[in-house]
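Asks: Can you keep this structure in mind? I'll have questions shortly.
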Amino acid sequence: MEKAAGSPSVGGSYPQKNAEILSSQYGINLFLAGLLLTFAWAVHAVGISKSHLLSYLITLMLIQLLWMLWYLCRSCMQRRLIRDKDTHAGARWLKCGITLFAVITLILDSFKIGYYIDFSNCLSPTEGIFPVTHAVHTILQVYFLWCHAKDIIQSFKTLERFGVIHSVFTNLLLWTNGVLTESKHQLNEHKERLITLGFGNITIVLDDHAPQCNCTTTTLCSIFSQGIYYLYPFNIEYHILASTMLYVLWKNIGRKVEHHQQHKTPFKFHGITVGMIFGLIVLTSTIAIVVVYLIQIGRSKIKSELALTMFYLHAIFVLALMCTAGIVALLIYRLEDRSLDNSKNPARKLDAELLVGTAAGSWLLSWGSILAIICAQAHPKYTWYNLPYSVLVIIEKYIQNLFIIESIHREQEKVNDDIKTLRIVTISRGSTLSLTPSYKEIYNGRASRDDGEVPCLFKGSICRRENGGGGAKEETSQENGSAMHSASDFSFYSRSSVTNNKRRILKNIAAFLFLCNLSLWIPPAFGCRPEYDNGLEEIVFGFEPWIIVVNLAMPFSIFYRMHSAASLFEVNCKT
């Protein structure tokens, strides 16, 4: 009987779980096939060319386009139906961020089209079809995410699971392709700079995929070829953001949500001036450091060493400030007694997992640098700055992850209804009602006394003052009650002031860390990578092994900074 009674619930949940497993396995196999194709092209495997890889990616994008069009048409036909929405998914600021990256991605596609036109005599037609398809895919996908990122799909669930997971892994493959292309370009520049640092024993073989023909317009070709690699960081962030938003949509399919009011948390500049000022100083100085680094590195051995020393000193100072700010925020949390929100939330869970998972990329590089410094026989002066830098990278991410994860799990502070709806009534001799003076006077324990009226602060009760006998006694009791209320009001005001000060400090810390993470995203995204140029790790581990480690870990490190900035923006809105 127990088995029979329990079977309906098991049977009801089995198809949904089965569809989730089937669709996830389909997506993983789709991704692995594309990953191996990308790897084969990267290592110049026999029989595999770039046109094969692009053809595969074009096919995936076309399939996703068909699914998105079908979903949009079906949603348009059913627009009058009331649908469940995940209020935590697809925040407006996240949509604005992905739109910005998408616009720059469209500029990148236009550069690729121009590059193809100039080299059309020796390039495969797929290299011209790919950017056009990618541009259409980008426009439709951004529109889809703006309109349907919050959807909780309850119909055609099995089909929709395959469609959404196909979109997730299509974006991951496009992200992988962008990362690989950008990494190959960075690696070629790095190999050319190594000689200037005195590492002549490293064999330099450029991995060249340049077309084997002359350009029709030399100036335009130079602009397109160089501009493409400066736009790739935005394209990479666009695809990883799109895949995370689509993953949340996939997790929400068939989900039952609790209908409760979600408080909107708009971003406000009020009260975060200090954090913004210090953050903008860090951002401005970082941009200046990156410009000087890219100009000086590779010019000569002395200039390269000075550029590396300058980068390390600046990064050490910024990371130390970030560690201090994170520790202060965590101490404030320890002093507060507020419960955590443990309700089921796919978007919040994914944020926490991505923070820890992508931080592992930086931790891997940092531990590699620490080990290289310990084991190396010769230590140029500039390499010693790498030790505190690597240690601080590990500590800073550890502290920052704790702060962000606790912040997004903390319940928002609720204002007591008694505080929001203070009702203060006085009854005069003629039994007329009048409102008391301003709140400022109430908090100061003062109220104007006019014609014998005695204002009284109370909760749900009425203070009376009768005429006639016993007046002195009643006045004494009223004065005692007034004193008690004044003390209570002052105590409440003090607690409220302390709470507001804590909140203001936390908002300034979140704003400062937000701008610092944007600042630390810029150097590796635009080619300022001391892990390449330091040279010490390549001597200890070997050139090829260390380059493989850097190329695998660096994309996660770059994504961590952008994802942390997005999470800190949410923390600032929520605090």
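Cβ from N, Cα, C; glycine included.
Okay, these came from TrEMBL:
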TRANSMEM  26-47  transmembrane segment
TRANSMEM  53-72  transmembrane segment
TRANSMEM  93-117  transmembrane segment
TRANSMEM  129-146  transmembrane segment
TRANSMEM  229-250  transmembrane segment
TRANSMEM  271-295  transmembrane segment
TRANSMEM  311-333  transmembrane segment
TRANSMEM  354-379  transmembrane segment
TRANSMEM  505-527  transmembrane segment
TRANSMEM  539-560  transmembrane segment
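Would you situate these features in the structure and describe their surroundings?
Replies: Residues 53, 56-57, 60, 162, 165-166, 168-170, 172-173, 176-177, 180, 184 of the same chain lie 6+ residues outside the transmembrane segment (26-47) yet bring a C-beta within less than 8 angstroms of a C-beta in it.
Same-chain neighbours of the transmembrane segment (53-72): 30, 33-34, 37-38, 41, 124, 126-127, 129-130, 133-134, 136-137, 140-141, 144, 147-148, 160, 163, 166-167, 170, 173-174, 177, counting only residues six or more beyond its ends whose CB sits under 8 Å from a CB of the stretch.
Note on the transmembrane segment (129-146): residues 54, 57-58, 61-62, 64-65, 68-69, 71-72, 90, 95, 98-99, 102, 105-106, 109-110, 112-113, 116, 167, 174, 238, 242, 245-246 of its chain, located 6 or more positions outside it, place their CB under 8 angstroms from a CB of the stretch.
Proximity of distant same-chain residues to the transmembrane segment (229-250), defined by a Cβ-Cβ separation under 8 Å and at least 6 residues beyond the stretch ends, is recorded for 23, 86, 89-90, 94, 97-98, 100-102, 104-105, 107-108, 111, 138, 141, 145, 148-149, 151, 153, 161, 164-165, 167-169, 171-172, 174-175, 178-179, 181-182, 185, 346-347, 350, 354, 525-526, 555, 558-559, 562.
When Cβ-Cβ distances below 8 Å are used as the criterion, the transmembrane segment (354-379) is approached by residues 244, 386-387, 389-391, 393-394, 397, 401, 404-405, 531, 534, 536-537, 539-541, 546, 549-550, 552-557, 559-560, 563-564, 567 of the same chain, each at least six residues removed from its ends.
Tertiary neighbourhood of the transmembrane segment (505-527): same-chain residues 186, 189, 230, 233, 271-276, 278-280, 282-283, 286-287, 289-290, 293-294, 311, 315, 318, 321-322, 325-326, 328-329, 332, 400, 403, 407, 554, 557-558, 561-562, 564-565, 568-569, 571-572, 575, selected by CB-CB distance under 8 Å and a gap of 6+ residues from either end.
If you look at the transmembrane segment (539-560), the same-chain residues 6 or more away from its ends with a CB under 8 A from one of its CBs are 179, 183, 187, 199, 202-203, 233, 236-237, 240, 354-355, 357-362, 364-365, 368, 371-372, 375-376, 397, 521, 524-525, 529, 531-532.
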